[in-house]
Ligand SMILES: NC(=O)c1ccc[n+]([C@@H]2O[C@H](COP(=O)([O-])OP(=O)(O)OC[C@H]3O[C@@H](n4cnc5c(N)ncnc54)[C@H](OP(=O)(O)O)[C@@H]3O)[C@@H](O)[C@H]2O)c1
């Protein structure tokens, strides 16, 4: 799995152009979902992007209602792909942990529709319930994750189980880019606050999927491989945690 990707929720620019540009800039992971409406545009962008299928990693999601196997096939049709790299349950259903959805995704994986399967917006308890029911450990839990909202408990658990934490809304949907401590650290490294938020993930082995409509943002967000954040500064950023969620509540605390 690439160490970072590009998100596609609420892209307002032409999705195909944005994805073709992202691939040309060096992004190798694309995050989408059946309900984002971006899959057909991503298909076009991939065909224009000039990157072989084996060289990019496609993440998509099935909803918590309906037949996950059928939804997987539908996503692949929209994406014009034979397989996904990672298929996630978008969020847990209202009741239960989604054991039946999980069994359908296991079948989709066995049938070669996706290389890996995982979850999104899951707590430790709900992941344990999926594992208890099936023995299958999710490859990924994709959750809202930034210095302002994260969890040591979830990170420790994920490391123990070898589950990758993918960080969505890693730029706090811009809400916290003006934070004074973040600005101070960014200035110290000669980088932008957004670049520091992305790099903070890379330092800790979590995998951010920042979204950007603007080409300048796409360029900036992938220009994060020429610096490291010191352990002390990572600790300072960790300490900004206030369980902040730009979307409402963190599902895992
Ligand atoms: N699994 C889930 O339930 C779930 C939920 C939410 C999101 N996600 C995934 O995570 C992805 C990212 O999250 P998100 O879209 O919510 O928020 P985000 O990536 O935290 O923030 C996107 C916002 O940041 C701006 N931005 C991007 N790069 C910037 C930069 N370098 N400097 C300043 N501003 C910058 C973007 O502006 P422009 O667009 O104008 O460039 C956009 O307004 C989504 O697109 C989606 O793929 C998953």
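Note that Cβ sites are derived from N, Cα and C of the backbone, with glycine treated the same way.
Here TrEMBL flags 4-241 as domain 'NADP-dependent oxidoreductase'.
In three-state terms derived from DSSP, residue 36 (active site, proton donor) belongs to a helical segment. Annotation comment: TrEMBL describes 36 as active site, proton donor.
In the three-state DSSP scheme, residue 61 (site 'Lowers pKa of active site Tyr') falls into the strand class. Taking Cβ-Cβ distances under 8 Å and a sequence gap of 6 or more within the same chain, the neighbours of residue 61 (site 'Lowers pKa of active site Tyr') are 32, 33, 34, 35, 87, 88, 89, 90, 120. Taken from TrEMBL, the feature site 'Lowers pKa of active site Tyr' applies to 61.
According to TrEMBL, the feature substrate binding site maps to 90. Every protein chain shown contributes to the tally, and the Cβ of residue 90 (substrate binding site) ends up with 20 other Cβ atoms within 10 Å.
Around the Cβ of residue 36 (active site, proton donor), the same chain contributes 8, 9, 10, 11, each under 8 angstroms and 6 or more positions distant in sequence.
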